[in-house]
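Below you'll find the structure, written out as structure tokens, and then a few comments.
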Amino acid sequence: MSVKIGNIDLGKFPLLLAPMEDVSDPPFRYVCKQNGVDMMYTEFISSEGLIRDAAKSRQKLDIFEYERPIGIQIFGSNIESMREATRIATLANPDLIDINYGCPVKNVACRGAGASLLQDIDKMTAMTKAVVESTHLPVTVKTRLGWDDNTKNVDQVAERLQDVGIQALTIHGRTRSQMYKGQADWSMIRDIKRNPRIGIPIFGNGDVDSIEKAANWRLEYEVDGIMIGRAAIGYPWIFREIKHFFETGETLAGPTIAERVDVCLTHLNKSIEWKGEKTGIFEMRRHYSNYFKGIPNFKEFRMKLVSSENVADIRSVLDEITETFEAEMA
Ligand SMILES: Cc1cc2nc3c(=O)[nH]c(=O)nc-3n(C[C@H](O)[C@H](O)[C@H](O)COP(=O)(O)O)c2cc1C
């Protein structure tokens, strides 16, 4: 049976790209889409920023037809601002609006937004209701297990937010206090799936970085789909590898050097197209080591990639990488 969010049909067991600030921008989303991801989200967008018309927030609203289905993720601490931001985000015409109640970072969570709403479920519920009322689009939520070990309350959150109309819930199996440390624990996610009161799709998130983990956790935790973040950075093939395994039971070979170079170049070209040459080249620097992770003696090439200031130089380093490693890695 297909997983559905409103009218959006996500297929049998969707793989979602996690919203990631400074990572899941249109160039990165492009290479994930090429590799079979079923649904994507923008980076989180500040409701206050949208209302102020801040350029950085506005730019994050840019979405493209080929990206569908795509959700715009917003966050904030003020209910009226979230209402207004929902209206603005809806005008950008995404397929859904997602609310971030998971961000643990101090300047978000400590200003009463993101994961801090886990400490005030009444406010979280009122805010969610306001967002649902402010758009004709489906609204989804992404959150964590709770604020800390003593207050793991995502089970209550799931019921209350479903009652005010959210149409899917993604749970990162950590508390706010854990930030990104320790291991994600998905057992509470399974409890929510098993709650007979819960009818909306529940997506599991946190630490999925291999075909084996995706396959095992799908069975063990009974989720409707999996959201992947960090493991896709520099390795968008993770989506096609997991999908291929689910469809055929077979494990695809990993990307060749030529494929890595090719996807890296596509990412760079899209970066330049969308951000302009200077920023596009600069912001791509954080991705190179991920694309070529595990390749021995790569440092010299990485240094060249991150110090090159024009596209022609970067392309020739990438050619050199193909030539140097293709035979070696074959
Ligand atoms: C660099 C980075 C930026 C992130 N930005 C966001 C964000 O904007 N919105 C959000 O809901 N979560 C954000 N997250 C959390 C991820 O969406 C995800 O929940 C987390 O990384 C756990 O999943 P993973 O183990 O598959 O990476 C971010 C994580 C990282 C590493």
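From the backbone N, Cα and C atoms, a Cβ is placed for every residue, glycine too.
Annotation comment: TrEMBL describes Cys103 as active site, proton donor. Per TrEMBL, the feature FMN binding site maps to Gln73, Lys142, His172, Gly229, Arg230. Per TrEMBL, domain 'DUS-like FMN-binding' is recorded for 16-318.
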Sparsest Cβ surroundings (other CB atoms within 10 Å) among the binding-site residues Lys142, His172, Arg230:
Arg230
Please compare the recorded positions Gln73, Cys103, Gly229 by how many other CB atoms fall within 10 Å of each one's CB, and tell me which has the fewest.
Gly229
For Gln73 (FMN binding site) and Cys103 (active site, proton donor), what Cα-Cα distance in Å is obtained after rounding to a whole number?
12
Express the distance between the Cα positions of Arg230 (FMN binding site) and Cys103 (active site, proton donor) as a whole number of Å.
15
The record names Gln73, Lys142, His172, Gly229, Arg230 as the residues that bind FMN; what is their largest Cα to Cα distance in Å?
17
According to DSSP, collapsed to three classes, what secondary structure does Arg230 (FMN binding site) have?
helix
Pop the Cα-Cα gap between Cys103 (active site, proton donor) and Gly229 (FMN binding site) into the table, whole Å please.
14
Check His172 (FMN binding site) against DSSP and tell me helix, strand or coil, would you?
strand
Quick one: Cα separation, His172 (FMN binding site) versus Cys103 (active site, proton donor), in Å?
10
Reported as an integer number of Å, what is the Cα distance between Cys103 (active site, proton donor) and Lys142 (FMN binding site)?
9
